[in-house]
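As written in Swiss-Prot, here are the features:
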BINDING   His161, Cys196, Cys200, Met207  Cu cation A1 binding site
BINDING   Cys196, Glu198, Cys200, His204  Cu cation A2 binding site
BINDING   Glu198  Mg(2+) binding site
TOPO_DOM  1-14  topological domain 'Mitochondrial intermembrane'
TOPO_DOM  88-227  topological domain 'Mitochondrial intermembrane'
TRANSMEM  15-45  transmembrane segment
TRANSMEM  60-87  transmembrane segment
Amino acid sequence: MAYPFQLGLQDATSPIMEELLHFHDHTLMIVFLISSLVLYIISLMLTTKLTHTSTMDAQEVETVWTILPAIILILIALPSLRILYMMDEINNPSLTVKTMGHQWYWSYEYTDYEDLNFDSYMIPTQELKPGELRLLEVDNRVVLPMEMTIRMLVSSEDVLHSWAVPSLGLKTDAIPGRLNQTTLMAMRPGLYYGQCSEICGSNHSFMPIVLEMVPLSYFETWSALMV
């Protein structure tokens, strides 16, 4: 999860987030090299007295500044498209969970079970226990098995919301009348925090998401108690 004065993204917990971190570093290096080149050219222009005031045509220069940006865009687009298709791919999910956005809370339904659903509200600051996080704790966590492919169906009952968990690389819009889907897989157990990432009204900041990733045996015990 995030911590105060953090530089960079949250630690990756899913394969998709690991790919996104690699792509971020790849793109950042390209941007750094372009910025360095531009600053170098600007410094040369400011420090040298050599000018070409009579130059009317420079085919070589025009060729270079047309081909070079095209190559740079290809180097960014190819890995980006690869990750995009990976995020859209859904292969035999082990569990399906439907989440609905409301003003201003989330509701969850485990569709593989007959009667396993609940609402998830933020815990007010005055009710927090020692060690709990302000504006991030909920009364009902989403318990899911780790190391398994989970399909999330996301929609909304009222206005636009967005279901996002940064450490898993997830951000899916919740749109009224439309059912979006995404997949997640956590490689290690733990608590993973997220929030609504679409401005949805006065209490937009009070719609936290808490995923509790646990071993399969623990999840089976929990689901048996909840049904």
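Cβ from N, Cα, C; glycine included.
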Request  = Would you mind listing, in sequence order, the residues at least six apart from His204 (Cu cation A2 binding site) in the same chain with a Cβ closer than 8 Å to its Cβ?
outcome  = Trp104, Cys196, Glu198
Query = Which residues does Met207 (Cu cation A1 binding site) neighbour through Cβ under 8 Å, counting only same-chain ones at least six apart?
reply = Gly101, Trp104, Tyr105, Trp106, Met122, His161, Gln195, Cys196, Cys200
Note = Counting every protein chain shown, other Cβ atoms within 10 Å of the Cβ of His161 (Cu cation A1 binding site) number 30
Key: Cu cation A2 site shell beyond Cys196, Glu198, Cys200, His204, criterion: Cβ within 8 Å of Cβ centroid   = Gly101, Trp104, Val159, Leu160, His161, Ser162, Ser197, Ile199, Gly201, Met207
Ask   = Among all the protein chains here, how many other CB atoms are within 10 A of the CB of Cys200 (Cu cation A1 binding site)?
value = 21
Task = Six or more residues out from either end of the transmembrane segment (15-45), which same-chain residues have a Cβ under 8 Å from its Cβ atoms?
result = 9, 72, 75-76, 79-80, 83, 86-87, 166-169, 184-185, 187
Folded-back contacts onto the topological domain 'Mitochondrial intermembrane' (1-14), same chain, C-beta under 8 angstroms, at least six residues removed = 20-21, 24, 166-170, 184-188, 190-193, 213
Message = Could you give me three numbers for the topological domain 'Mitochondrial intermembrane' (88-227), the DSSP helix, strand and coil residue counts?
response = 21 helix, 61 strand, 58 coil
